[in-house]
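Working notes, structure below.
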Amino acid sequence: MVRLFLLICCLGVVMKVQCQEQQTKVETLLELSKTHDVISLTAETFKKYVVDQSRQYIIVVFFSSYMYKSQCPGCQALEPIFNEIAYSYKALGHTKPKDQNENKAKPVFFAFLDYGQETQIIYQKFGFSNIPNIYVSTKSFTEETTSYSIDRSKLWEYRDGQEITSNKILDFINKKTERDVTIQKSLLQTILPISIVLTILILIFALVYFIKHNFTSPKLWWFGCTIIYITCMAGVVYDIIHSSSLIGTNPQTGEDEFIAQGPRSQYILEGFLMSFLISLGSLGLILLNSTANYKNSWLMRLIGIFSIALILYSIYQVSFAYKNKVSWYTPSFDPPSHYKKGGLIADQGNSF
Amino acid sequence: MESRVKGLLESWSPVFRIIILAMICVLSVLIRVFSVIRFESIIHEFDPWFNFRTTKYLTERGVYAFWNWFDAESWFPLGRAVGGTIYPGIMLTAGLIHSSLHTLGFPVDIRNVCVFLAPGFAALTSLAGYFLTKEVTGRSEAGLYAALFVGIVPSYISRSVAGSYDNEGVAIFALVFTFYLYIKSVNTGSLLWSAAASLSFFYMVAAWGGYAFIINIIPIFVVGSVLIGKFTTNLYVSYCSFYILGSLLAMQIPFVGTQVVTSSEHLASHAVFVFLQIYVLGDWIKERAGEAKFKFLIKLLVTSAVSLVVVASLYMTLSGKMKWSGRSMSLLDPTYAKKFIPIIASVSEHQPTTWSSFFFDLHFLTVFAPVGLYFCLIEHNPGKLFVAGYGILAVYFACVMVRLLLVLAPAVCILSAIGLSETLHRFTRHIKNYKEWAVYLSSKPADKKPKPEYGYPLELALIVIGLVGFMSIYYINHCVWVAAEAYSSPTVIMASKGYNGERRIIDDYREAYYWLRMNTAQDARIMSWWDYGYQITGFSNRTVMVDNNTWNNTHIATMGMIFGSNEEVAAQNLRKIDANYVLVIFGGLSYYSGDDINKFLWMIRIAAGVFPQIKEEDYLNRGQYRIDSGMTETMKNSLMYRLCYYRFGEVQGHNQGSGFDVVRHAEIGEKNIKLRQFREVFTSEHWIVRIYKVLPEENRDMIKPRSTYTSKNKEMKEAGLTKINLSQN
């Protein structure tokens, strides 16, 4: 009888301890999530919070790497989306414990596991061949020597070439955590576009205010127009949309390549250089014109020769670069030497 | 003696001018007829075929029938109300020319009118360019230069070669002419010119959607002029009358209609009209109240207005009432469209421009234009400011989208003409004074006279003129070459050059369309991807499901879904939408890369937006689009793959194995394709066009072995209850 009582006492103590343990885990996570939307995990804390028994919360783990971020377009795309979702969950109060027995009401935490020497083994046990991945862990799982006993349906794995959209990821996480969360934007993000617009407007006004006296000066206007002209001619919008690199590499030789092949592609430096060369030609013509009314002097002659050289250099360089770029561009009307010669019928109008 | 020669030349100069202008007009027509000489008098590309078909309808049935035309031959089974959904300008123009030629007794075929309409209008555009530049600079040699440049600029040639019967061909003329008339009205302040400008604007609205450019650039010019203190009564009169008349006239086009009031494209014109009235009112108040009081009033008004706007926009953003739409976001962030609207990013005409496109389409004009810009701003008048503003805005737009190079071209031509003529004007003055120079140079150092007034070294002046001449000639050479080689292909007929320069003509499209016309029922419905819709209705006179007027995304997505699903599902859906034939374009045998297999991914993407069962990943093997043995099962079973490569496995390639696709450089993965629901009825000479008939439903598809029956049968068999002959069957 006494034994039985003791046993019950022991059990009670054990359960209470367990409960307390649960309670402390949730509390520490809650504390952590107050300062960070996404909690960084180490191999130890991963074991404690994600793998180990007895917990009453859901934890969403994001597997990615800080170190290899630059080589991993998926990680770059997923990270802001994941942060945004984590923020939305927190903003809507899903991190607060309400009823710990139902999945629907369990608190949800978001965590991040960096790939490194210590955590490598966890990645292997998950069987990942690729990053980034997301695992929604609704209950603890057991650890075996080579793998985890995880619910594969709650795993989101990245495949090459897959498109990552905020909606898809949110849908996945919502489904697995049995909630209906929509993306919440932080105050900063809501104000950001309008503040950008306002700053630009204020800057423009400030600019106008400072150059008020020279505002109608045609030279200033011409300077502004030329800058717009050069930037547009350089194909800046193309560079931004296709995120071109400054210079490229030749796919065959692996050497640096300054001029992209084909008329439909370009590098940033190439665009600006060519547009600048074109404007140099114009500058030469303008210089010539502005010296034309000077009285005869050696300075004028010097500037004249310099400008002509400038124009010739500019048009030669631009035409040369274009011919290099577009191989079929040969604006001449003499048919190549191996073509058939003869009358209109014989050579089919090639020399026409 | 010298003055007599000078006088004689001056009195003859109008004659020279007219002769030169006439020659430029002839040149700008002739440079565009390379395609007719090389191929034949035929309508090009895709959209022109629709325009041609509607024009034919117009000439056969008359204007009212055209206006009320409900076209049942396209967008089956929805149909399309043509009269209210097109810009009718080009059709009406061609119809008018056709009927007036017939009244005069020239029985010209409507096809020839349509083919030669764009070159004719190019001549008119170069005239309009002449007048605009002459109005702006007041010098006719600048005008002549502009006429020459506009007439042969490659970017304009690309849209107006003979046979390219499209809206842009007439619209560029209307654009330049409207600007000329408007500048004239600003310079004279006359209501008559203003009214003429709005009539020309009306023609532009009738002809092309690009009229939005005019209705934005003129208000911007007006506001700019007011802001830099160049407000004049002339400006006020010309803008107000142009705005009121132009807006009212624009509403008369059914396709535009009330958009004039509702769409944001017209917003600038309304705002500037109100602004002008307020400005004039302010002027009046200033006159009455005095300077000091007026300044105070302005300060009060401006601060309160600014703070009100800031507070209101902050409040509305925070409370979520004002959402930033995709369009305004893409202004802040150019990558927005790429991230969230992939369809927009996919169209090649909507790609942003690279420097080489600028150079190819404008050539040395890109070098000349800043010079013109310089003179426009340094020695400015309202007209020159207008041209400069037009140029800068157009450069920005052209940088965002390749097709808007067309709008930039006239501006660059006019700017270049101003720059070049100014340069020539300065340097020829030095040559005119050659006599003084000759005297100065030959005289001995002892009795040197003072240097001549225009003191530029003679040889340097000659070199400069030679340089300008050389650059102009090089530009003309480039333009002619481009017109002859790059922009004169009708795309319906393709030509390639052999090693010895002999031409090989590939005429598969017309062969197939003619087959359709002669061998199918009058009311047969042809299903194809939307690119070929206009051509099928135009060439073959048959009903199509979708065409190049992409107004109904769901319908197009349905076609994509059918091409993407397997044969059985596709056939069922094809029967549901009542299609008789399926037409696919396949270039794997003849190096034709613009075929349906290359477009297939876009079909899938468009279909995926509407039908959730279509997923792009299913067609890609680890992110790669493949047709060889590494392709996915879904790709292999898709209707598009099976129709394109049907019987292709039998073809023995040159140096390669059988079934080698020369466009994708791969041997196809499935060589033994059997079709159950389709029958091949036509394949063109180079296999480019393949047509299949959708077979009627087979009877035995209706009886499917039911699982209960088979399991029962099995049980009976095991129990030995079935008769032997039954089980053997």
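Heads up, the Cβ atoms here are built off N, Cα and C, so glycines get one too.
Here is what TrEMBL records for this protein:
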TRANSMEM  B:15-34  transmembrane segment
DOMAIN    B:16-415  domain 'Oligosaccharyl transferase STT3 N-terminal'
TRANSMEM  B:113-132  transmembrane segment
TRANSMEM  B:144-162  transmembrane segment
TRANSMEM  B:169-195  transmembrane segment
TRANSMEM  B:201-228  transmembrane segment
TRANSMEM  B:235-255  transmembrane segment
TRANSMEM  B:267-285  transmembrane segment
TRANSMEM  B:297-318  transmembrane segment
TRANSMEM  B:358-378  transmembrane segment
TRANSMEM  B:385-418  transmembrane segment
TRANSMEM  B:454-476  transmembrane segment
DOMAIN    B:526-582  domain 'STT3/PglB/AglB core'
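Secondary structure by DSSP for the domain 'STT3/PglB/AglB core' (B:526-582): 33 helix, 7 strand, 17 coil. Pairs of Cβ atoms less than 8 Å apart link the transmembrane segment (B:113-132) most often to B:385-418, out of B:267-285, B:297-318, B:358-378, B:385-418.
Remark: the transmembrane segment (B:235-255) makes no contact with the transmembrane segment (B:385-418), by the rule of 3 or more CB pairs under 8 A.
Beyond the transmembrane segment (B:144-162), the same-chain residues lying 6 or more positions past its ends with a Cβ under 8 Å from any Cβ of the stretch are 17, 20-21, 24-25, 27-28, 31-36, 41, 44, 115-116, 118-119, 121-123, 125-130, 132-133, 168-169, 172, 176, 360-363, 365, 405-406, 408-410, 412-414, 416-418, 420-421, 475-476, 478-480, 482-483, 486-488.
Only residues 6 or more beyond the boundaries of the transmembrane segment (B:201-228), in the same chain, are considered here, and those with a CB under 8 A from a CB of the stretch are 87-90, 92-93, 167-168, 170-171, 174-175, 178-179, 182, 235, 239, 242-243, 246, 249-250, 252-253, 256, 265-266, 268-269, 271-273, 275-276, 279, 382, 385-386, 389-390, 393-394, 397, 407. The stretch from B:15-34, B:169-195, B:358-378, B:454-476 with the most CB pairs below 8 A to the transmembrane segment (B:385-418) is B:358-378. Cβ atoms under 8 Å from those of the transmembrane segment (B:15-34) belong to residues 116, 118-120, 122-123, 125-127, 130, 140, 144, 147-148, 150-152, 157, 160-162, 479-480, 483-484, 488 of the same chain, restricted to positions at least 6 beyond its ends. Looking only at the domain 'Oligosaccharyl transferase STT3 N-terminal' (B:16-415), the predicted model's pLDDT averages out at 88.
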